[in-house]
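Shown next, in structure tokens, is the structure this report addresses.
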């Protein structure tokens, strides 16, 4: 009989006891906690009863519906019955053996057999109990217990069977017993094989519509019904070897994988569940500063963290299992060189194999928890709570959201006035891009800490076990060596400090670059109009240079510390060997030399390196957690109770309140103090009438928007009280499924808000208007009609299904304003706050919107508060009027009182025009007045299909329809592409070229080859030393060997350090070159490219992807090469040592390796790309929400957006999860192969007597390294391909793989063409158009038809016409944004198509409709390149009346001046996008910029649309004075703007209808111009005639 039988039996009974205890505890726990079921309301607990963000639904808590459950359980029952038979057979054999052992001669083996029978009986009972189980939980519990027990039993039996036995009972006495014993071993193994492959549950189906968007579902190609990840029902073996991932690997071999094709994750991995847990935790008790957030994350994920730590601690000592057996094996080879007794040799070889299998399994599972569980959960939890916070965070002024774009006068900004330093803390999250950084970079950093976490548990254990092993070999010498390591510890501390500070600087520079890019991409039109691309390219590259300087510093520090750590184990080895061989005069044998140097010291090096690295990571995570925690503690808007909870108040009143822009007080000690230099509304007392129209008017920058925001609860009320109903966050979500009649449509207490700068989502026009409400056809069409959108939709190819581009790029200003208005009109709100909705439309449309919409039937009974400059038009229907001036209340009261008051005179046009005349900001649609009734019937025939719109605001829609039948709506923002298949050679070529020229690569590769040869030299010297005969060793003395060993190893360290220096230098070079290429391509791309590619996506390229290129790509690239070289060297060395058998084994294993890694590579690339693509919509919803939070809150859309965001997160985590799972799948297979390789090496060494102990040690130390090298080679290579994919596939966005597709993305024509125009050009300003024909693309119809006209020097020409008549196209053609198809434009006799774009654009000036100003200071905005003196700038500001000529009265509160005119200080800060100024002020700033530039030719496109009338008239005067000698072309809606011009041109459908002096046209009643003027109303018409001199 094999030996150790009693020990075996005791172990088995112990295992059974542990199993029964585990079952007992599990059941008692279950009785205590009843798991939440779908119906269980107590799950939500009281905490979430009143939480509007509790968006969970019952289906969020289930994995999926079982498929064909009965058939599955029937199959399981049959399997278990087979197991019952096997257990019975085992029991019979055990019973017979037990009987036999009672036989007197049986040498006291009774106890042993009783124990074995007890174990057999216990397993049998478990199997019997499982037969009746048909629920996944109980069934999987049984499967796990039976698998563990039978596995344990099989392994013990097998282990005992191969041990060479000295004291065995002679089997001659009991041949039958021996046969029984082997039969039981076989039966246990068979039982294990069956139970381990038994699935734990049926396949599941989950309805994709519950977590994916419709688009994702439509793209799905894999229609399999079994669509849930196999994890919940997988068998034990499949779980351990990640077999459930195989189906994803197979997907990778199909043409292209979409997100919907991937299996859906189980409930606990999904976003809703994770958000629910995190939110419940945070609501239970509020977050405290400091480490609190970290503790919360740990407590919510405590099970996963515990599992990771336990697995790490278990694996740590096991890493030394293999070295232990290697040492035993080499010692055996030393003692028995002729292999006379191979028994123990086989045991050691097998032991080495088994210990590797166990440790790699533990390691695989630990990594699974770290990457797929903890990392995903942390990312989901943090992203979702940050998003929820953004929905309730008060919009602090410095962030100036685009919603409140008339930041009437958050004029002075930084939160603490001049004191910038102090302000920095609070402004940490002021710009949107900083909040984005938080949601992307910081969250990723915290989530990725899960990979480093295990080192905290694992390293100390490894160090202790390693030291014990070393002590057993080297005795006291090992402590001398380890003492040296302690000298390196202070360096760690230093490293930590340095790394944190450089990392900090790097992050700051990166933030600065990303926000600069954000601004550039946002203002790209202006940059092109001004020909500023080069200057801004320089600006970005300057910041980029600084960023790369820190990146380089970071690399240097990394390399130096890596070198120190690389050197530390070598120094330890040297010191230990020196002490051992020289000091103590011991003989260094191969078993000691190889085990201690190669294996143990290497393992300990890992442990000792991991600790400091983890420590540094921990510090970085701490910084990120602090930032996230600080953001989560920012001031929130006051919570709103749900509709059901409180009776709706409809009163809207303000009682002696002082109001200012929101200011984050959480960071300020004196909470109630008056913010200094802050714009305020002082001491207001208002009461708006219910159910009627109130008008708020006032000059530019008087505080109108602030008043509306105060009513919405978005502003800070310093004293007094503001009463106004506010929509609860879940209002929209609760209306989504309600079907209600028209009478019940309006819900009291719900608000809607239309900001001055329209906030639109990247979705269809219809989706933007419905905004989550059900479609009520009748109401919807009526809304379109009264908002004057019907005729616009006729022009748009896809009607209301047309997609709105990001930030509404493809709609004109007027259309954006009207879609935004339609959303509020359609909504169920009883209170509507409209901020200057009329200024973006022309006179007719404004009249139409006012009479049909604001005073129309859909507004009946709703309270409307309208901010407008159109006092004249709106006064007639207003019940209540409020007039503001510089934060003071001028007037509040009934309309009649206002009519009589002197205030009215200052707000209406001068010269008493009382016509219904409007200001307007964009080319926009004429009203749907029946054509026959209109004096302008020629311009507004509804049945005429109008031409495409062409606005300076966009080049996108300008593709009129050749409309045959309704196609699927066109995408404006192209879907993000992802490359399919392998990374193309061009991509590699691009990167290699960017790193450096031939010289660089020759040098780099030679260094790499040297680096790879160093370990060979090292091991070879050890072999020579340890294998040398005693006489030789004595003759040369240990010092000789030690010195050479030291020289070899230290050379190795120096070379390996140096190769990284070379690599990183190349990498920084590549980062610079690639960035410049991408930047240039994007800056000089045609404007159409910018209209069709979303800004978020471009920012993703410049931000996330380049961060990858800067910090990770070089690493992957270098290490791939390093691993590839060392792999080749390893194979050669081992084959050299092991000879032919090894070569054959290598070739066979090589094929298997290749096969596995090929499948892996494709799947990993697909997951990486899907992950990258799925990230963009997530970033887009972040961006939309950060920008539109006040609007979402006003409509009560917060919970709806929360749910949408969770849906995007699910779409994003899915590929991310599978990306990690595919990695685990690969390493499980590679680990198995590597264990086999090492096992084979050991077996070959035992069976080949020609291999000496020293050579075997050499071979084994390399074989061990090889498999590790291979795994990392494949993983690094794929990582590299993924970074290349990320970078270059995405650089491809504008560089490589998409070149084919973006072949239209030509650059604009050259900047300069010789001969260049003279420096003084244009000196007269004559403009001549000859036969000008323009179309947007060759296959599209003409937009401008054969225009011929001439403008004389210094002439002022007004250009009029309705939307789509080609006004803006004409303006764009002067700047060659659209090129002439035929004909030409000449300015001062030079054909503009024959000169470079920079020459042309820098000499002309345009003041566009959407004013773009850059952040910085007032001076830097007006004078971007420091060309003018202060006096000139102040003069320009005076000319546009931003600085009044007389000193305005300053308001004082408590002796502090408030509402000071910020334009008097050129250092006044300008926030991102100029959002601390109102739109009107921004238009005036653009005008001031034009005055400074003083061009001979000036084009004005609706340049004063958002300015009040009084200012507009003053500006008209300025233009006539300032630009007396310049030629001016003005596109306008306000007829009064152009009535006194030299000539007006009327365009219709791209043709010139009329072109003459206003007086001439007004004298002819049949002219269209006459019709236009007449339509403005009797008084205004008389006024216009008077002005024109008729």
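Here the Cβ of each residue, glycine as well, is placed from N, Cα and C on the backbone.
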From 346-369, 370-393, 394-417, the residue range that TrEMBL assigns the feature transmembrane segment: 346-369
Contact set, same chain, for the transmembrane segment (176-196): CB under 8 Å, 6 or more residues outside the stretch: 1-2, 79, 82-83, 86-87, 89-90, 93-94, 96-97, 100, 123, 143, 146-147, 150-151, 153-154, 157-158, 161, 235-237
Stretch with greatest number of CB pairs under 8 Å, the domain 'ABC transmembrane type-1' (309-620) reference, 664-911, 1002-1282, 1327-1574 candidates: 1002-1282
Mean of pLDDT values spanning the domain 'ABC transporter' (664-911): 83
Cβ contacts under 8 Å made by the transmembrane segment (6-26) with residues that lie 6+ beyond its boundaries: 109, 111-113, 115-116, 118-119, 122-123, 126, 141, 145, 148-149, 152-153, 156-157, 160
